[in-house]
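Below is one structure; the comments refer to it alone.
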Amino acid sequence: MTVPHIPRGPVMADIAAFRLTEEEKQRLLDPAIGGIILFRRNFQNIEQLKTLTAEIKALRTPELIIAVDHEGGRVQRFIEGFTRLPAMNVLGQIWDKDGASAAETAAGQVGRVLATELSACGIDLSFTPVLDLDWGNCAVIGNRSFHRNPEAVARLALALQKGLAKGGMKSCGKHFPGHGFVEGDSHLVLPEDGRSLDELEAADLAPFRIMSREGMAAVMPAHVVYPQVDTKPAGFSEIWLKQILRRDIGFKGVIFSDDLTMEGACGAGGIKERARISFEAGCDIVLVCNRPDLVDELRDGFTIPDNQDLAGRWQYMENSLGHEAVQAVMQTMGFQAAQAFVAGLASPQDTAGGVKVGEAF
């Protein structure tokens, strides 16, 4: 059977269960689609996951990019057979107790284990690290944040990024320019952060600047309004994405929208309007999750935006470890020691640091 050559489009969709239905196969062959995000509902066990990712990748060439939210703590989509990952604030606690060096070493090990285990199952990308500061206000962020100190967040995120690279994965910093100060959960409401740009620059933006300089591959903006900067949510704002992120910070990587079905995005209109505004603001790729009907509505008559960088940016997000290489790494004593170390950092309290996120439970 000839695999069709279909360039990756700018939409990331999802699927319902453990295997692809015929309807989903046809949807994923649409030129609008370039990637797929998996959730806990798509995971039964490791062998099933490997079969699913192979099935997805066999549909077309270049292969669809497969992503997942797999941060640790409350946001770890795959559990059985995977190392239980700590919430990121555990690394911040190590920073406070044992110092920066110990915390950075731990963060590197977490990133390495996280990425290698996903790579072994055919996953290209985890949407991590969270760069939001822990201001103590936002339950949906909570212990997903490394720390309140911008330097600690940046250094721990950079160490995690280096670990991810050892496991074949790129990084995606979120939620630009910072979701940690607001109380509202943008899955449910459209939060507002009333601080000035100078205040944001002095704290929340610092990790994004540092990580951008250090090779962060992707960014996901927040569905949060910062009215002193722009009346539009960051993910719909040319000021935030084209002027501040691209021009001022100098970020060259991929901009993924956060899920366009979240309540924080719904005020922009229907799904076609949300996507149009996202692309015009500067997003390369939009996520449409948990609503296949909206994916179908979006792709009906969809015109792929003119983005000369899209193909290269998608390609850059591909996993860099081949199957044989990752299997060999998994068998080494060093990697198995890293798994044991990371598992020892996790505890039941890691899942209790705030509300559930998407499909975290």
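From the backbone N, Cα and C atoms, a Cβ is placed for every residue, glycine too.
Residues or ranges marked as substrate binding site by Swiss-Prot on the basis of sequence analysis: D69, R77, R144, K174, H175. Residues or ranges marked as site 'Important for catalytic activity' in Swiss-Prot (evidence: sequence analysis): D185. Taken from Swiss-Prot, the feature active site, proton donor/acceptor applies to H187, supported by sequence analysis. According to Swiss-Prot, the feature active site, nucleophile maps to D258.
Here the features listed in Swiss-Prot are placed on the structure.
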residue : record                   : CB count, 10 Å
D69     : substrate binding site   : 22
R77     : substrate binding site   : 23
R144    : substrate binding site   : 28
K174    : substrate binding site   : 25
H175    : substrate binding site   : 24
D258    : active site, nucleophile : 28
Practice prompt. Fill in the CA-CA distance, R144 (substrate binding site) to the residue listed as 'active site, nucleophile', as an integer in Å.
Written response: 16
Item to complete: With substrate as the bound species and D69, R77, R144, K174, H175 as its recorded binding residues, calculate the greatest Cα-Cα distance and give it in Å as a whole number.
Response: 19
Worksheet item: Could you tell me the C-alpha distance between D258 (active site, nucleophile) and H175 (substrate binding site) in angstrom, no decimals?
Response: 8
Worksheet entry | Where D69 (substrate binding site) falls in three-state DSSP terms | coil
Worksheet entry | DSSP-derived structure type at R77 (substrate binding site), helix or strand or else coil | coil
